[in-house]
Amino acid sequence: MATRVAAGRAKSLAKRHSQRALYKTLFRNGMAEEAVRTEVDRFLNSKKKVFRWEFGLTLSQLHHLGLYDLALKLSETLNQRGMTRRHQDLALYFDLVTKTRGIKEAEKCFIEIPDFAKTQPPYNALLKCYCEECMTEKAEGIMKKMKELRLASTPVPYNLLMTLYIKTDHPEKIPLMIQEMKTDDIMLDVHSYNLWMKGIAATGDVSGAERVFEEMKSDGQVMVDWTTYNHLALIYVEASLFDKAEVMLTELEKRINDGDLEAYQCLIRLYGRTGNSVKVHQLWQSLKPVIPKTQLNKSYLNMMRALADLNELPNLETCFKEWESLCESHDIHVVNVMMEAYAKAGLINKAIDIQNHALVRGAKLNSKTHEILMDSYWKGGEFASTIKCINDAVNARGEGTKWVPPMEIVVSLMGHFKRGDDVDGAEAFLNVLEESGMKLGAEVFEPLIQTYAYAGKTNRLMRRRLKMENVVVSDATDKLLDNVCVE
């Protein structure tokens with residue numbers, strides 16, 4: 001009897017804790033940034049105490065919503081008040097620091113950790129930051145240090161590096177990593193096998209990916225789950241082997257639980273890419289009633305991408321309007337899907353209207369938003385508007401990403417400046433390209449030099465600029481430099 005009473009009290013207490021969890025307090029007025037920011041400030045001013053479990057869950061929710069500065073502010077304030085940061089918390093903390101203040105600040109945080117406390121979790125956390133920022137040399141350097149300290153004893157750092165190699169288009173390095181893991185008796189996990197398959201497929205060897213899958217199934221230490229079938233389905237889709245992809249998706253469906261939102265989202269997206277409209281709509285109708293508020297934007301984004309792949313513009317418009325009626329924060333990623341569909345259909349004015357409405361609703365435009373309009377303007381020969389979009393896209397880059405314009409458009413615009421003898425316009429455009437971090441080569445400098453020559457203008461520093469950028473121009477352009485580089 002006493003045991004039942006104690007269990008009942010524990011259950012009641014757990015329920016009360018769940019109901020008053022910090023993240024529920026912060027999101028009680030919706031998930032729009034300003035509403036959450038107000039609640040975070042109110043909570044911090046109240047100096048109320050929280051349990052560690054709700055603190056961690058709240059940080060994860062804020063991170064998921066892209067509210068990195070708020071998550072970092074909450075983390076650092078509560079840490080100062082005695083909520084000490086554990087080693088397993090460092091990956092998220094370093095990520096927040098990187099996204100908010102830059103990678104150098106994350107490195108500083110790592111350096112400040114005492115040497116005796118620099119165990120696997122801190123090293124893995126910093127390695128993750130380097131990999132997400134595509135800093136290959138630093139990532140490989142810290143991996144080497146981890147091996148020297150015998151801290152690379154799990155699949156985690158290897159998986160991080162393999163993910164980096166896929167992102168930076170170096171899949172040929174992945175089999176070497178796998179061989180190294182096997183040589184050092186480091187057990188491959190599901191993620192390792194998935195990355196191995198993905199890397200092999202990225203080199204064009206689909207049958208090689210299938211052989212990896214067979215090896216995985218024979219590995220008694222690894223349980224094949226739905227993520228593996230998802231990876232194989234994606235490999236088949238990208239190879240246009242749609243029948244094989246659908247077989248994998250059928251197997252995927254057999255292995256997921258009803259509440260596994262991520263798995264259902266993957267199914268919807270991949271069925272969209274195989275052209276199976278019936279399955280997309282069927283799965284969406286099953287999923288829609290159980291989508292939690294925190295996953296609303298992500299779920300609608302995924303469905304809209306599937307509808308875009310299916311070229312179902314009317315259904316896409318309906319889905320977008322439904323999302324707008326439900327959402328509490330206007331996610332620009334969802335808006336971009338609708339804008340891109342309109343632009344693809346030649347309905348540029350509708351795309352602009354959607355963008356303007358998003359601004360009114362408080363959305364923050366990102367580089368992709370401007371890129372969508374840039375592409376349409378460029379194809380329509382509206383070069384002034386194209387250049388403005390490029391400038392806006394460079395200034396809007398964020399979320400730890402780097403954005404540079406496509407080289408095809410850059411070359412086209414440099415030709416436009418040359419035809420108009422527009423030296424000032426060309427130089428202003430180069431400033432934008434430099435700000436984007438784009439490597440400027442001969443394809444940019446040759447038309448620049450020609451623009452100077454045809455306009456009859458000079459620039460005595462042009463040869464020095466070429467030397468600094470390590471650019472070699474053609475013999476014909478080099479002859480023009482004799483006239484351009486005069487005192």
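Think of each number as a place in line: the chain as shown, counted from 1.
Just so you know, glycine gets a Cβ as well, placed from its N, Cα and C.
Annotations in TrEMBL come from automatic prediction, not curation.
What you are looking at is a predicted structure, and each value in this text was computed from that prediction instead of being measured.
Copied over from TrEMBL:
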REPEAT    119-153  repeat 'PPR'
REPEAT    189-223  repeat 'PPR'
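Under DSSP, residues within the repeat 'PPR' (189-223) fall into helix, strand and coil as 26 helix, 0 strand, 9 coil. Look at the repeat 'PPR' (119-153): DSSP puts its residues at 26 helix, 0 strand, 9 coil.
Here the repeat 'PPR' (119-153) returns a mean pLDDT of 93 for the predicted model.
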